[in-house]
């Protein structure tokens, strides 16, 4: 046992040593935690064992005996909790702890321990510890300081570092806990009594109570936020007063605080304690921030102004008031004026408490209004009562609980409904989602739910097994018909315009009365299409009739009959008009009636459109109470709670109507008329009038119908292009408008370093104008030299930006020195600019001086041509004077003063070139450079002597060489100087610089004189350049003025996280892929300059090896962070977002005004130590909160996963970071249910998680989509009035963070009729440099998030929320359902629904481009495809959603068009682009196979190819991404210049971007169409790593087989058929021109995954890929075998989307198209001649069946034929011989040719595929017939064939080595331009590089 114990001891020591090494390191670690870091989670959750052990480690050196007592108590606690050591790791921990205790005992050298005196020892040490750290004194000083309410410059002991103070109190907390445990056995009249008294007192101490931002339970010694007058006023405002109802005497008030309103609310309604604590802080901060914005001077006893309370109250309860108004019920209070401030605070607090504990019910904002309405009534009654009592609604079995009585029943019903969705596979119509539950409260019928909640109400009715509970107001049926229903006005417009244009075209463009009557046929079209829409309303409401409101159903019925009757009437009258016209009678009775009806109808529609949509008329319609008018208004437009008032200001309305995007209808229709419709008129007329044509097949449907199918084949592609033409025009014109608007906004004015240099002078003034608060400007500008003051204010901010670039390793130390700007606060009389502007200017000026042969004026004019050279000369002159005067005294000082006096006089007289010898300037320069070089070092006796000699040398050169002979003689005969020189006193003693200002001057002057490099390449790093260019450019853009930090709007940043990479581990960085490439090696080559800067920063040589890093834990950790900051990791996001706090601290620190100081320069404090300023930190914490919602962090901690450790490390490094997570634990009941908690943690002083809040949830919070549920559970922990949503692949920059307070002021700006509710923010995609694909994606994304969203926001007013980093009005959104929607599947694209919801609820979404946030994007083709598939699937679900339906119905026509074409319409047009190819080719195939094309060509000589060419040209341009590139090119021109834009576009084309865009077209089309047909949209984890690995052929085949390869081969088959059997006059050229785009699509879809696959054409990889693919293809699947390993498993997975009967029917219909090939080709065989009998087709099926039987014979399973194997082989041999003989005989004795054999294959392949598709569709039927195995084998054969077709060209190209080299250049050209050695990376030649 002793041996085991000693071994364990050694193991423990080794472990602790490793941990200490791991945790060591400057700036990122905490005190080594010893064995405290090994406490098992089962013990750590319920005790503070870790804190006690940490305290023992802290005091071990001070008092080992007390450390031993703490360790023994920790062991006792562990033993009591888990006596049997059942928990994971408990036994090992207890053994290790015991060994530690033994070590402590051993150090006592056998001395006996008297444990009875442990309590006394502990008490004595406790008192000593407090005295030594002056805890009581500091508390008293703190209290005095707090009561004064002001910050002082010198706080003495209060300026102890926050970390040190926290450590002291953490140790005290541990000592107290142990004393409390041991004091139970102590004598009550001795030490025990003292301990109990101390416990009563100390438990009230603030530092012992965890808090989030404001220490409300008790004052804090390390947090200054409680001193702010507004915070003290807010705390006072909620304090309990005597006129409130009396609280029970037994009610315990937690902490050292007075009772407040929240204590009453907790007692009355039974809210959870942590919910109370959370919302108490929330309300205090809300009110305090509202008060600070009023700018009221602070008083001694601060009070909150009524305006502040009313502002917060009105905003939080705004939705409740609108809800009451909509339902026509009274709000709880009579009027805002009648309610006092206390009631406002009570109601405000009550609403936030209801919301804070509502869990998933937060997605039901109107349900919360209902709950609040009734609870507020109860509260109102209690407040009028003299004594507090429990609310009846929350009472249960004698206890009171809001969660159990109110939230839990609603949650249970929602959970039961969510369970019906079958993990997202069930139809949306089969279960109620969040919206259905919420919309129940949009009707007065909601009051049937009663109060307290009636468990038997329909709302709380749980679904039964086979019975639906019914939807509310909308049913999401899965059908394309939603597109027509939601946007019927668009389709009616298109149809009507097409009809009118076609009529005009067929009448040769003439319009007379006869033709006019024909054009009026648009009347019936309009009426019938409206009737179709009303029919869809009726049809698509099935599933909601039993539960929908009666009024809604009545409206449907009335509209159905009204539209039906009106369409019938209009059609009847129009037929009579045609009859009158054809009879040529003069009677026009029906014509007049028809015109009257159309006029009245159009007039009524116009009136209602104006009243409901035109802003100026909208108020009139709202004011009218006429029931007749209201009835027709209701019929015209349904009335919802959301969507009311969707109109804009008149000026905005006119802008988005007049904008060219809406005016393009004229262009669009003119182009459509000229290029598409008119050319088809003549061919159509000819074909219609042709006699019956001879068909080459057995014609079934084309007789006696004027060749209808032929005409349809010609017109169909033209109609398809007509439908998407408007999108093409929108793309072009929006790019033009966006470019003009961007130019007006001054984007791209500074787009190069040269421009930065030229305009640097103007930066300080622009910075001060925009980014410095007016308050600061008022007290700083009292001097005459504003430019110097501007520079002095600008310099600390600029230098912090440069410092951040250095910390991020974008610049080197040298570049850092050159880029920094001097403080400009010294006595120097001019502005000092950064050295990178002045570098080498002195040397150039000396060259000019040496060449000077003219006057002083001419010399100065030449110098002044370069203004920075003039600055450099002036600064050098004044600096030399200042430095010399500071160095010397006595006679030397007199010499310096006289020299400069003489030179100044010469300058004034213009005789400088005479006074001094310019040729000697280089000598003077060399002497002075030597002097400054010495003075930059620390003083030593040797250096002092050297400096004295250097000054004397300088004196000698100046006096005897530089000065003219007259002056030289004067100085030589100057007695005072001569005597000092002769006596050796001259310059014998040098005053070494001690003043920081002089030190800075010396260093700067030395650099100014010695730096010879040009500034053109500083900084070298492209990212550093880009950031500085954008920041400096943004200073000149329009933005709101900055408020002082104390008055700015508070905000939160919110990041949802699941299980992505937090921080790359050492193994992640060093593990090598199959090519021998590690992530670290890759990053070193991608970012070589940043790697060098990193090594310089940590003090490592360039030759540092990996092993060197592993020897130093601190450097190893820095390496991990360096790599992680270059990936898409949570660490990068956290660092970026914490810049907001750093910027706020800096701004707050520099805005402090030193009291009683009037000197302007003194008003600009140094930034040194700003991060340690308690006031600045407190101000930043009050205005900024960062919450990362790590959903499964609790599980990760339990599993001890690396992600948990990395998140804990981020918490340690960022004290303001908060992590929210969902914690699940067993409830302890017999049914094994779990309890769920929403927790918030921060890092304590030891780096351990400290729980702040833990709020119980009603159940598992994940009822819907994961990300929005993750956001919802944690949003209660956010603070402020705004919330920025940030994804975990984003980044931020310090310079951009400085503009955040400007951005937040936009919420108060004038942006139209309503204030903004979402502020759109520009993104910079930082992954664009990795590869050409990443560059394409980056450019595409950048153009959308800049130019695209610029136009959407203004003038179109249809910008939504497209993800991150938009800034939400937090109060607006938390009271209206949150920042996303979470219903399963339908809200898969959860972000955009926040925009929909905001717009429908009368929000306003803007876009701002003077600030940007970084964002990562997918960089590999597979990642991009998965991402685009997810987005396309999400858009498919949006088509079905109620939000899109309501926006489509309720927006005015012009905004509706803009909305459609920028959301789901974009994907519809994308799909139309592909469908155009299909429609064209199937039309041509029909003409070719039927023989009609030849017949028509011979008779009519026309097939309308002109129109087809125009249509296909447009389709091709869309397909290859030309129109996608238009906004991209415009963005390039705007922000990079015309030449760079042209170069970039050409480069993209050379890198095959058209192939990429065509391929992406297929991805979007496939997933969008399949989602609407079958569903199946789901979140796809794309992975955000670096993609340089080779993707295997089989993996690409699995991903793209059904989405691209099958469709491409189908198009190829159509093209082959068209070429083989089609007829054109133009021959081959005509074929090529008509089918070029189709062939390009085929090649792109088949080979793009391999073209863009690294090493895709390397021979060795190709061979390995083929082996891998064949293994996968032939491997049999089975239970548990994934699709990645077996073709059979993959094939089964590919069929999962076909679930419903409707889906099977649609698949069946779509599959029938493949039978056309066989039907047409069999009649084209030489064998059949001209016979068109149907028997020919029948016989082809006999042949097909025979072929199938033969295939079955040859592929019969050997396992099944074991008993008759010989017979089977014999049969196969006979069959083979017979087949060969039969073929020979048929070819020899019949007309069957070899070409016919190939044609037959062409015919039977699509038929076989059709049969396969049908078999898969009706899988159950086929399986029941026992044919499934055969179907599977046929499918395998097809996949094998497709694979060979794709693989063969790859194998051939892989033979040629130059192809692989060319591909690498193609893929990584962008990286090559930056010196990327990608060829080395791809070759895996790491050893060669290292050698």
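A Cβ is built for glycine as well, from the same backbone N, Cα and C atoms used for every other residue.
These figures come from a predicted structure and were not determined experimentally.
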Matching range for TrEMBL feature annotation, transmembrane segment, among 1687-1704, 1705-1722: 1705-1722
1838-1859, 1860-1881 - the range that TrEMBL marks as transmembrane segment: 1838-1859
Can you say which of 1558-1583, 1766-1791 is given as transmembrane segment in TrEMBL? 1766-1791
TrEMBL tags one of 1516-1534, 1535-1553, 1668-1686 as transmembrane segment - which one? 1516-1534
Tell me, roughly as an integer, the mean pLDDT over the domain '1,3-beta-glucan synthase component FKS1-like' (342-454). 90
Taking DSSP H, G, I as helix and E, B as strand, the domain '1,3-beta-glucan synthase component FKS1-like' (342-454) contains 78 helix, 5 strand, 30 coil
So which of 557-577, 1459-1481, 1629-1652, 1797-1818 is most in touch with the transmembrane segment (1734-1754), counting Cβ pairs under 8 Å? 1797-1818
Range from 526-545, 557-577, 1605-1623, 1705-1722, 1838-1859 with the greatest count of C-beta pairs under 8 A to the transmembrane segment (1797-1818): 1705-1722
Restricting to the same chain and to residues at least six past its boundaries, which positions have a Cβ under 8 Å from a Cβ of the transmembrane segment (1838-1859)? 1593, 1597, 1601, 1605-1606, 1609, 1646-1647, 1650, 1656-1659, 1661-1662, 1666, 1669, 1673, 1687, 1691, 1808-1809, 1812
